[in-house]
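*Asks:* Provided herewith is a single structure, encoded as structure tokens, for subsequent inquiry.
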């Protein structure tokens, strides 16, 4: 029987336990619709803010009530935590003048970072008057915002082709976007191939991977089906038989996310955006294991 030399064993332990250098994280939240959801949201923000994320983002609904909730959450985060808070802003349901007014209001209230998106098309609607690239240009006309946009490693469901989707991302970057945050994915190779294609297309901004820690596999599969995200067969097998075992699902989901971050960090990725679904537990545990901790 052979045994590892002590130094070799320690090196193996380190490679299994660590990411490749320091990583940065950011978190996405959505506006709550009930008082109970609001309490959950603020509990999550309070806990995750201790990890000193680069920024946090808040999604933006297609109706005025949800837009107002986004503004309220953004204001609360800034006052309560001092974190950089980035509201999502969509252009599908607003005029250019309305968008300029919203942008000026954000700028005048100290908001410098916006996640610029087209937004979901209403059923039966025709060709939109504005796209995300147009919104980026409009925001840059109003003020020198720091702008994040969306990217799709596995292609946007409405795109005519992967190349057309890539050219759309390039238009957003050429209009002034500072970075792209990807749709969630589970196939690490799809992200790495996409990053290479971005470089080849002359897209020179950071492509931040969006990480979705999965605790409810059925829900994640629905999200994936709607957004053209592939669920690898190995992942389906890992969640098999866990429909009634929520705690084990969380452990499995956390391990998958941690492995993804470790692999990507070894490929030079330093920034990761977590889709929290307004829950702190899994994202906090994942970050802790990866070395992102309070006071560090």
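Cβ coordinates are placed from backbone N, Cα and C, and glycine is handled just like the others.
Quick paste from Swiss-Prot:
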ACT_SITE  28  active site, proton donor/acceptor
BINDING   59, 183  NADH binding site
BINDING   60, 62, 88, 118, 119, 120, 132, 152, 156, 159, 165, 168, 171, 172  FAD binding site
BINDING   120, 183, 219, 279  (6S)-5-methyl-5,6,7,8-tetrahydrofolate binding site
*Asks:* Least buried of the recorded positions 28, 120, going by other Cβ atoms within 10 Å?
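*Replies:* Counting other Cβ atoms within 10 Å of each of the recorded positions 28, 120, the minimum falls on 120.
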*Asks:* Tally every other Cβ atom lying within 10 Å of the Cβ atom of residue 60 (FAD binding site).
*Replies:* 23
*Asks:* Work out how many Å separate residue 132 (FAD binding site) and residue 59 (NADH binding site) at their Cα atoms, rounded off.
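*Replies:* Their Cα atoms are separated by 15 Å.
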*Asks:* Find the one among the binding-site residues 59, 183, 279 whose C-alpha lies closest to that of residue 171 (FAD binding site).
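*Replies:* With Cα distances computed to residue 171 (FAD binding site), the winner among 59, 183, 279 is 183.
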*Asks:* Which one of the binding-site residues (183, 219) has its C-beta surrounded by the most other C-beta atoms within 10 angstroms?
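*Replies:* Its Cβ has the most other Cβ atoms within 10 Å: 183.
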*Asks:* Can you name the recorded positions among 28, 59, 120, 183, 219 whose CA is within 10 A of the CA of residue 156 (FAD binding site)?
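*Replies:* Of 28, 59, 120, 183, 219, within range: 183.
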